[in-house]
């Protein structure tokens, strides 16, 4: 039978979960963009490709209307494409706060480029993938517009089932590849690459042929495929997706648009690339969390989650959802957490006006629970915590320290309006797992 304290803890969270109307009345929900891995702007990805021999359109980047006009003149192109640089998709159908419609424009007149840039730079662009108020545009890309006679799809990605890189291609490009895979799976071609041997000429040639490149274009496409693969390895990418991977009427194979995903564990050897990370579109709380090596993603609920390990963090969010609640965030402390990080994590969580309770769920197998307990007590004292707090620490039987530390806090804060329930501090015993509940 569940103890009265455990029942009280569950009731505390359940009551908060059932109060969305009150929450909505008190504070407006904040829409956050989940973002953990490095994201580069389009011009940054294209520069990486260009620097490694991959064929892309000629382009310049401008952060003022004057620079955009000068760039358009320097291009000396028959037609120019002007693109607002934000991380969200759907730019072409977006709307600026200046009233301008569309974040992508074609023109043959450099003067028009300057006029359009004046209505883009410094204004918010709203698309289907941005918050309602849009995202501020700080830069535009001024590029040579090329005609595309045929579009194909090409991607290089790490495939767990193949234990290494895989080439994926389709002669149907410029469209959603998932739709092609569902409606015409026979048009999806794959080449598994031995990461030790690298890509073979025969594989690149076969993929180029499957994509429909003929004659001299076949060799040109195969050469571009090999250069893309070398780039993939060089920059520790987990995916390089080119859509469209096309050909022009003049007989050129060009990477018209690309998306690159990076392995965030490789930051230590890709410092130059990670230094390009544009954090201006992040929520301030995410940037603050990153300073302390905390993996934070904001959500729109009212129960804050404070967890170690991504798997446990996701499971905790799921449990809250299953019991009718809504998590306010995803926060992974990791295994090497220090006391200062615990304190800063609490500081971040309590700064969110949506948060009405904090659930701490810590597995002691990968972290010293005494560090967590010290950080919690310090945060509760110094931050004057005003919301209910539920703490679950799983510790070994001999680890009595964390429990003593946690019990000390309420004695020094009896007059505080904070409601604290410490539950499920597990002791490992021979033959069974018995929960020891402490209510302070």
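Glycine residues also receive a Cβ, built from the backbone N, Cα and C atoms like all the rest.
The structure displayed is predicted, hence computed values, not measured ones.
Copied from TrEMBL, the annotated features are:
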type: DOMAIN; residues: 39-245; note: domain 'ATP-grasp fold succinyl-CoA synthetase-type'
type: BINDING; residues: 57, 90, 91, 92, 146; note: GTP binding site
type: SITE; residues: 79; note: site 'Important for substrate specificity'
type: SITE; residues: 147; note: site 'Important for substrate specificity'
type: BINDING; residues: 243, 257; note: Mg(2+) binding site
type: DOMAIN; residues: 307-394; note: domain 'ATP-citrate synthase/succinyl-CoA ligase C-terminal'
type: BINDING; residues: 308, 365, 366, 367; note: substrate binding site
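Structural mapping of features recorded in TrEMBL.
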residue: 57; record: GTP binding site; CB count, 10 Å: 18
residue: 79; record: site 'Important for substrate specificity'; CB count, 10 Å: 13
residue: 90; record: GTP binding site; CB count, 10 Å: 14
residue: 91; record: GTP binding site; CB count, 10 Å: 19
residue: 92; record: GTP binding site; CB count, 10 Å: 13
residue: 146; record: GTP binding site; CB count, 10 Å: 20
residue: 257; record: Mg(2+) binding site; CB count, 10 Å: 19
residue: 365; record: substrate binding site; CB count, 10 Å: 12
residue: 366; record: substrate binding site; CB count, 10 Å: 14
residue: 367; record: substrate binding site; CB count, 10 Å: 20
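Sequence-distant contacts of residue 243 (Mg(2+) binding site), defined by Cβ-Cβ distance under 8 angstroms and a gap of at least six in the same chain, are 151, 153, 154, 155, 173, 174, 177, 257, 258, 259. A separation of roughly 8 Å, to the nearest angstrom, links the Cα atoms of residue 146 (GTP binding site) and residue 79 (site 'Important for substrate specificity').
Here the recorded positions are 147, 308; the one with the fewest Cβ atoms within 10 Å of its Cβ is 147. Cα to Cα, residue 92 (GTP binding site) and residue 365 (substrate binding site) are separated by 49 Å. Nearest Cα neighbour of residue 90 (GTP binding site) among the listed recorded positions (79, 308, 367): 79. Across the residues the record lists as binding GTP (57, 90, 91, 92, 146), the two Cα atoms farthest apart are 20 Å from each other. Those residues noted as binding substrate (308, 365, 366, 367) have their most widely separated CA atoms at a distance of 10 Å.
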